[in-house]
Amino acid sequence: IVYHSYDLPWFRSLSWYFLLCVNYFFYGETVADYFGTFVQRREQLQFLIRYHRFISFALYLAGFCMFVLSLVKKHYRLQFYMFAWTHVTLLITVTQSHLVIQNLFEGMIWFLVPISSVICNDIAAYIFGFFFGRTPLIKLSPKKTWEGFIGGGFSTVLFGFVFSYFLAQHQYFVCPVEYNSETNRFVTECEPSELFQLKKYSVPLLLQAVLGWETVNMYPFQMHSIALSTFASLIGPFGGFFASGFKRAFKIKDFADTIPGHGGIMDRFDCQYLMATFVHVYITSFIRGPNPSKVLKQLLVLQPEQQLNVYRTLKSHLVEKGILQPSLRG
């Protein structure tokens, strides 16, 4: 309503257009990664997948040119401000939602543990702050205290460790989500990786006297849950501080009033801003290895001559390593 009074041409239309462009790019990347075999069977879709990034860039360029053509002399500064505002908003919201979906495809546990850890930290920090809070933590949020921050951190690590133990026992939560082109549906059935198989660990000497155990059985993923929970408790709250500063800048109490007494949806997810990105980076850096299914999908779309060349190269490599016996005909 405020910016409509300036009579800016194409302002609202361009904002929606850029939103559609960004969603087309990100979700097109997901379709190409996880539905490659299905898409290759449809000739009308092959063009869109093969030139997806070029089409996405062309769509963005069209929006960029429309923005330049819409510039009005007396509103240059305001229009460039809104152009930057639109891009930052898309970066924070659409990119995060795309990474959440990427994490889901790695297994439900990579979604449930991080998001539950942030929620647990929010609740525990409030409880500890309410009962024991004395020392202010940051001026942006006067009600946040060091006691709540520290208490919430320890509670979150403990919660993540225990919650991971229960989720790791179920195949539905630990198996990557894959698209089965034969049944035309998603499946979550697999042989759990080493991360989700019980292993025996030696208890440190200092804890042996307290617990009375020399060894303990646990899932390797539980060790990774400590890293996820630590991030949720140390860095996650800064997403909330960021949102608080943002609302103060515009002199508003909440983003919306969808939930009476608690603000809007964005007010409940302010601490989730960085979590999805961290989980995605963590998986790609420390967890994920080469994906045979993706390599196979790429091989299947090659020309027959290229497939034969790959076959011969792979065969000679396996013969050199002694995995395959050389054929009699050479």
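Cβ coordinates are placed from backbone N, Cα and C, and glycine is handled just like the others.
Automatic, uncurated: that is what TrEMBL annotation is.
Annotation source TrEMBL lists transmembrane segment at 16-39 (among others). With a threshold of 8 Å between CB atoms, the same-chain residues lying at least 6 positions outside the transmembrane segment (16-39) that come near it are 45-46, 48-49, 52-53, 56, 59-60, 63, 66, 86-87, 90, 94-95, 98, 101-102, 105, 178-179, 181, 184, 294, 297-298, 300-301.
Within its own chain, the transmembrane segment (51-72) has Cβ neighbours under 8 Å at 8-11, 14, 17-18, 21, 24-25, 28-29, 32, 79, 83, counting only residues six or more beyond its boundaries. The transmembrane segment annotation in TrEMBL covers 51-72 (among others).
The transmembrane segment feature in TrEMBL is assigned to 78-101 (among others).
The annotation transmembrane segment is assigned in TrEMBL to 108-128 (among others).
What TrEMBL records for 148-168 (among others) is transmembrane segment.
Counting residues 6+ beyond its ends, the transmembrane segment (226-246) has Cβ neighbours under 8 Å at 113-114, 117-118, 120-122, 125, 138, 140-141, 144, 149, 152-153, 156-157, 159-161, 255, 266-267, 270-275, 278-279, 282 in the same chain. The transmembrane segment annotation in TrEMBL covers 226-246 (among others).
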- Cβ-Cβ under 8 Å with the transmembrane segment (78-101): same-chain residues at least 6 beyond its ends: 3, 6, 8, 11, 14-15, 18-19, 22-23, 26-27, 29-30, 67, 70-72, 111, 272-273, 276-277, 279-280
